[in-house]
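Q: Would you mind keeping the following structure in view while I ask a few things?
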Amino acid sequence: MKPYEHPAALYPYREWSLDEDYYQDEYNQRSESVFALGNGYIGMRGNFEEGYHGLAGTAVAGNYLNGFFDSEPIVYPEGAYGYPGRNQAMLNVTDARIIKLSVEGHAFHLNSGTVHRYARRLDMKSGILHREVEWESPAGHRVLLQIRRMVALQHKHLAAIEYRVTALNFDGTLKLDSAMDGEIARPEASDDPRLGAGRTEPSLLLEDTGDEGAGGFLWMKQRTRHTGFALVTAMGHELQAESGREMSRERTGKRVSVCYAAAVRSGESVTLSKYITYHTSKDYDEAELLSRSASVLDMAGKCSFAGLAAEQQAYLDTFWSHTDVEITGDPALQQGIRFNAFQLLQSAGRDGITNIAAKGLTGEGYEGHYFWDTEMYMLPFFTYTQPAVSRALLEFRYATLGKARERAAVMSQKGALYPWRTIDGAENSAYFPAGTAQAHINADIAYGIKQYVQATGDVEFLAAKGAEMLFETSRFWADLGHYNPARGGAFCIDAVTGPDEYTAIVNNNAYTNLMVRDQLLYAYETADWLRREYPGDYARLQHEMGLSAEEADGWLEAAEKMFIPFDKALGIYAQDDTFLSKQKWDFGRTPADKYPLLLHYHPLVIYRHQVLKQADLVMALFLLGDQFSLADKIRNYQYYEPLTTHDSSLSPCIHSIVSAEIGDLAGAYAYFDRTVRMDLDDINRNAKDGLHMAAMAGSWMSIVNGFGGMRQYNGQLCFSPALPEQWESYRFKITYSGQLLDIYVGREAAVYTLLEGEGLEIRHKEQTLRLSPQEPVRVPLAKRLEAVIFDLDGVITDTAEYHYLAWQALADELGVPFSREKNERLKGVSRLESLDIVLEDSGLSLPEAAKLRLAEQKNDHYREMIGRITPADLLPGVPELLDSLRERGIQVGLASASLNAPVILERLGAASWFQAIADPAGLRKGKPDPEIFLQAAELLGVTPGNCIGVEDAAAGIAAIKAAGMKAVGIGSPAQLGDADLLLPRAAELSAEKLLELIKP
């Protein structure tokens, strides 16, 4: 893992606002991004109305329209069939925010005169950007500027500015020059693939300008060079001043302006209200653009800035009542999570024909392209807080299904293949190993559909649109994969790239195959459901796409025979067919300034190693969590996490979620800390290019899915909350099946309250809760001892001597040396692993079948010996301890590596004390892996944290600790020093001592 150090904060920790209390040129571009405003269609960077006069190269004046783009040919030095032919880039459009103030002939800007006071505040409750500046001109005239800006969340095409100037120490003239400028600097080409290819020529061509009518109504019409879209930008004004008047209007090239002047006395103010609209032919008939602009400006003028602000306040009150996350005890993270939610709202397309760009509407990174980020990160946030937005985002995918079909045909496949990066549905990724090869986006979209429908109950969407997307993308998978005889006839998917872009063009990427299996099963079930419940829609798809029951049966077969790579020796899922055979990346010899690796090493160098850009298999552990045991999650996480660079901003949040699930709250908090203030603290050093939308959504997921433990499996909403030690409490809200649920997590308890709805059934860990409106249900969270899980040998009884004698007998038969010292190494180890230790100095190399025969031969010796066991062989104090636990209602389980454990318990007369016996035969890995203790806890129906394990071997203590349980060691301090309680013999263990280890 690469080194990490959290940068110092630039902005004060204020829970409902983002504040800049002083101005610094060197941070200007970052501030332009974080102070951006948007409404899902219009995006405006936090540029100043007067323009920027600071250091060269430290500003990008940005105004963006979601989905509005131009296209240029992609130049390949060496092309090939099927490469995308044209690039699309979201355009930086005409800047209409410009207001230039002149004070008695001196132009105001922050790099002239004297700034006596400066403050900028983004108010997340109102959605308004405030700026207040007290400025003195070189001639000594002092003014106070109070500026408010908004991009109207309820009016797609509208933005507004209120610009108020007060003369503080003079009588004189103020001039305000309000302009729009269509001469936009083109982005330059960069070697950083995250930025884009740049533009070789201006993309917006001027067609006409006008200054018709009263109220300072001016407009400009432009057209994109290659895509031919028309854009009309317009502005209207209202001046409030005792002696103010319009001086002049000017149209010069791509600049249109109106100038106002006002004579003021000291203490008097002038207020200019400016309204801005953007309309394009992507939304309306071109002939309507000018009239629609005039209509919106007329509405805005009548409403006034104050009226628009009040309207927006009401809108945001509703938004926050369904979305707010409260963190008590950590103002920095509280600010971060609210800022992220606010920016997600500002960036999400809500019209069904746009989506969310990777950088939202805050900058030009990734050229305004949409990725899988939407379905895997942003969609969950909106599904559970603003489900109407989720539906609109999925409808965009439906609107572009035709182009996905076209792309599949280009790739010589049936069905539909969605693009890796796009604006209008066409593939835009020029680097296919980390683009088109990431076909998992099909399964990601299918997963998003499934989660949305199950969370909302919106079956009408599924019938009308979602099913068709499911079926076309499932058709693609059925055609792409094949039944491989070399894999026993398993269904395999070759030459794909998973989420980890540092490992490309592989066979059987585990994440891809797991997600495709889930999709194919869902598609099969949906086809059957649609046929029964919506026969009209089923018949439509039969007719339009040739759907048949036989094809759906094929999806089921492929799912059931899906190959999932697994390494038995390591007990983990292999990321793909070859990943585990590669050399591990040497992180110790990689300088900190060589990250991200993609900017410093050739792709082939990276591809040859075990190194991950971001969560891959670990992401599947989260998304498909019900398909993995907790032991699987621990084992796989512990293998892949150290190999992950987190060079992608999408990675830390997923690791936070899985860390929380496996009981590592400290790790979860550390990863959450990297996510929630990624842009506010510029952790990745590229906030200047735009904000990280997926990471912002991921910070919400880290709380809700991570610390809150929320999962949705087959329509069942489940929670397993935990509280980081750094917080006093946290609270979040979830919209589910049209009902609003409040979840509070404190130190002592979790409280579930149904705020809106008729009734809801949820699960809290192993407990089912039935919620009624406005009736809080409190569930204690304090740990309490519910179960004790024992090893057998050396703890309940001592059959160690029998094991030693049985191994000694086998060693003698083989003629290999064996000793009591070597026997000590066999404690807690499985039979086959023990055999390997016995044979390690023998020089014998035996096939697996021979080893199995020898292990059984040893067991025959052992079974013969344990036939002598009686109840008298229970260790002293054990019967009393087990009776005492039973009297207190504390369950008892057994976690022994011995396959003979049930027989031994029967002969000891102890079986009735044990409610669960873990089966070592079904384990992927033996001790020190935690699986056997986790299996015992699961059989008992108890959370691992409420269990204590008792062991006499170091491997067993390690297994208990890895399972998240308290550990009691029976034996030598030299071997069992990691135990939470160490006793020399079992007779000294009591229920009272166990209860002391876990206090409520």
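Easy rule for this one: first residue shown is 1, then count along the chain.
Cβ coordinates come from backbone N, Cα and C, glycine included.
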Q: Using TrEMBL as the reference, determine which range in 185-206, 207-228, 757-778 is annotated region 'Disordered'.
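A: So the range that TrEMBL calls region 'Disordered' is 185-206.
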Q: Between the recorded positions Asp791, Glu951, Asp952, where is the Cβ count within 10 Å the lowest?
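A: Result for the recorded positions Asp791, Glu951, Asp952: minimum number of other Cβ atoms within 10 Å at Asp952.
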Q: How would DSSP class Glu951 (Mg(2+) binding site) in three states?
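A: Where Glu951 (Mg(2+) binding site) sits, the three-state DSSP reduction gives strand.
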Q: Treating G and I as helix alongside H, and B as strand alongside E, what does DSSP give for the domain 'Glycoside hydrolase family 65 C-terminal' (710-771) in helix, strand and coil?
A: 0 helix, 41 strand, 21 coil
Q: If one measures from the C-alpha of Asp791 (active site, nucleophile) to the C-alpha of Asp952 (Mg(2+) binding site), what distance in angstrom results, rounded to a whole number?
A: 8
